[in-house]
Amino acid sequence: MTIGGPRGRHPRLQMPCLRKMERMIVSMQDPDMGIKMRNQRLLITVIPHAMTGNDIVEWLIQKYGISEEEALHLGNLIVKHGYIYPLRDPRSLVLRADESPYRFQTPYFWTSTKWPATELDYAIYLAKKNIRKQGDLIEHEKDNYNLLHKRINHTWDFVVMQAREQLRAAKQRRKGDRIVIDCQEQAFWLVNRPPPGAPNVLEQGPERRNCHTTRVQLNMDYYKREIEYCRKAMARTRVKSSICLEGYIKFNEQYVPHDPIMSGCLPSNPWITDDTTYWVMNAPTVTTPTKLRVERWGFNFSELIMDPLGRAQLLEFLKKEFSAENLSFWEACEELRYGEQSRIAEIVDSIYQQFLAPGATRWVNIDSKTMERTLEGIKTPHRYVMDDAQMHIYMLMKKDSYPRFLKSDLYKNLLAEAIIPPETKKRVFPFMRKQRHSSPSPALLLPAGDAEERGRSPSTAPVPEEES
Amino acid sequence: MHSRMATEGLRENETLASLKSEAESLKGKLEEERAKLHDVELHQVAERVEALGQFVMKTRRTLKGHGNKVLCMDWCKDKRRIVSSSQDGKVIVWDSFTTNKEHAVTMPCTWVMACAYAPSGCAIACGGLDNKCSVYPLTFEKNENMAAKKKSVAMHTNYLSACSFTNSDMQILTASGDGTCALWDVESGQLLQSFHGHGADVLCLDLAPSETGNTFVSGGCDKKAMVWDMRSGQCIQSFETHDSDINSVRYYPSGDAFASGSDDATCRLYDLRADREVAIYSKESIIFGASSVDFSLSGRLLFAGYNDYTINVWDVLKGSRVSILFGHENRVSTLRVSPDGTAFCSGSWDHTLRIWA
């Protein structure tokens, strides 16, 4: 037994939206809560069980509590997928929010129906049209007709026979029924054989679940793995929801003022005003950072160390405390973790020489156990060999140096001198668009050889030089 | 001989059945354990948070130039450049602020479903139906032939659905229709680690922003979202509450949670410490799948692009929909917020990309 199903599944089964659309359609036709259907007049013919475009939009607005724009959009999608068709102008699957008449498609023709629309069916449909219109088909239908005529030439007699038979049967129906059946068919084929230029709503994208190697075998190994996973998962510590969710509230409070989409940004959002001052003032390395930026360094250690400017200030502070080698060590470890596979041994050795060897110029103070483990580990150097030592130093900076940094004069001065940019005054002629200047690409800033060098050091944001 | 084999067969069947029931009962117990600590809902806790005011976002730039469906995009760290890829194999680098195209390359395959900008801004990665992930250095040399400098890095046995550089240009993480994720050394093309566990195509991934940077989350056609340890290759946590394929996963900015978008027309929020789903973002009128999700900088808003051509904006804390954005004329296939949170970019099957702010 396998999960995954047989190859070549009917692609429409991959569209869960069709099921939901059908449920919508069914509730739209509910005798009590659905749309009130009436007779609609089409020139001189009366079509029963029909509704207007307005009816559809109104019903959607009421049922789902949405705006008219959204209701019209949703209604249009329902029509595009062929579940509702227009009686007037049936060649265009569009919903108009007016008195235009519409009808529900018969379930026989529903898009999710499992029988595929075959070439034969399409040929019969085109043949009928061809006969009725005496050869005057619209261009793409003419092309398709000729194509099919060539391709299934051997059954063409059958096609024409079927077409004639269906036309004959249709003549015996009332005019109203004939119009309805024609519209139903037309809508079905518009969905299944869209004219060139029209969007194909049935288009899916590359097939999923067609790889036999991922088909999971529900055998003993599978269940043994499931059991193993569950046992591990049971043993893990979980935190109460109330505590976790409190975390979001706090995070939200802290960060919303820094969220340009939520709170705007000063002097202005470059995308809205075409003024790039905001980017210039917040470039990775500026002389004077903005107040918001310096405040953010106080949120947590990660904010400080991940901002190139913040990191530089941290370095200055650590120098004063004679523990700058900690930051340098951490950076070197990052270089190891994210560096090329081929340079691992080289980087590990460099780290050892600079930071760990007895008498090293920038010896880092790690606890003896970690040091012992690390020294043992570097005998067979690998990417993660410094993880323990790096974590130890990171925590040292975070728990020890960082709180002192925040209380230091250095940081206090940074806060005091930080800029609060004034809001861009509204332009007198707002309709005159400001010229949009280009900026040098990060790929340009260094000659090709150095670009590789740059790519090597982790977490270095490119430094665009902005024109003002 | 025949009877012995028959009894052995019988024993094996019994073991399979008993393993299956043991697995199922353990799963049930796990759900009970998870539920025990669930003492409050997110929207209840969020009651005291101020409601959002009028929300206005408009298209500020429209990028036209792709001749076919746009499938994926990614931002450069410089906050204005982007890379985008499409069905016809074209990959374009734009300065989206000026809307100028800066580089273009045509891949030898169609349906380039994954693309990523390198952290340095000096290279891009992409792949799709060629089952590979290739890296192209970006050059401005006179006789520029980007295709000539192409480096083939990752090799999968089915389509590439997602790729992302780690903290440097030297490593790439990939997700594939072959059901696996993998970590690669760019320079040598060496496979550093592979991640097995999904029962079907993996469609998306996102790297954790956590300060220790060791994990990532992936989503797949098996309806599971899985969190992985990059170093060991082990699955740390797994969540299975969606009803259909998970098309997109994205970490909440604090790293304590992630959101997912699925073909079941919902987006969900999973908390990693509580080890459970903590919110569902859905509406009866939204019946098409969510293809792509991303958070605003503060994590208060979740932007989600859908297969019904719209973008819905959700209040992450209160669970309500804040706004619906119209404009695209076909499926929204990709959506990313810019690195400094000033805007987000959406790409669509209507051949265009839009910047919203």
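Even glycines carry a Cβ here, placed using N, Cα and C.
Look at TrEMBL and you will find B:13-43 tagged as coiled coil. Averaged across the coiled coil (B:13-43), pLDDT for the predicted model comes to 88.
If you look up TrEMBL, you'll see B:63-95 (among others) marked as repeat 'WD'.
Look at TrEMBL and you will find B:153-194 (among others) tagged as repeat 'WD'.
Tertiary proximity for the repeat 'WD' (B:195-238) is limited to same-chain residues at least six positions away from its ends with a CB under 8 Å from its CB atoms, namely 158-159, 161-162, 164, 166-167, 173-183, 244-251, 253-255, 258, 260, 262, 270, 272, 275. Marked as repeat 'WD' by TrEMBL: B:195-238 (among others).
Residues 34-35, 37-38, 41-43, 201, 203-210, 217-227, 286-295, 297-299, 302, 304-307, 314, 316, 319 of the same chain lie 6+ residues outside the repeat 'WD' (B:239-280) yet bring a C-beta within less than 8 angstroms of a C-beta in it. Annotated repeat 'WD' per TrEMBL: B:239-280 (among others), in sequence order.
Long-range contacts of the repeat 'WD' (B:292-324) within its own chain (CB-CB distance under 8 A, at least 6 residues past either end) are made by residues 42-43, 45-46, 49, 51-52, 55, 57, 247-254, 259-261, 263, 265, 267, 269, 279-281, 283, 286, 330-337, 340-341, 344, 346, 348, 350, 356. If you look up TrEMBL, you'll see B:292-324 (among others) marked as repeat 'WD'.
The repeat 'WD' feature in TrEMBL is assigned to B:325-357 (among others).
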Give the nonlocal contacts of the repeat 'WD' (B:325-357) in its own chain as ranges (CB under 8 Å, at least six residues past its ends). 57-64, 66-77, 79-80, 82, 84, 86, 94, 96, 291-298, 303-313
Near the repeat 'WD' (B:63-95), which same-chain residues lie under 8 Å Cβ to Cβ, leaving out any that are not at least 6 residues past its ends? 101-117, 119, 121, 124, 126, 128, 136, 138, 162, 330-331, 333-334, 336, 338-340, 342, 345, 347-355
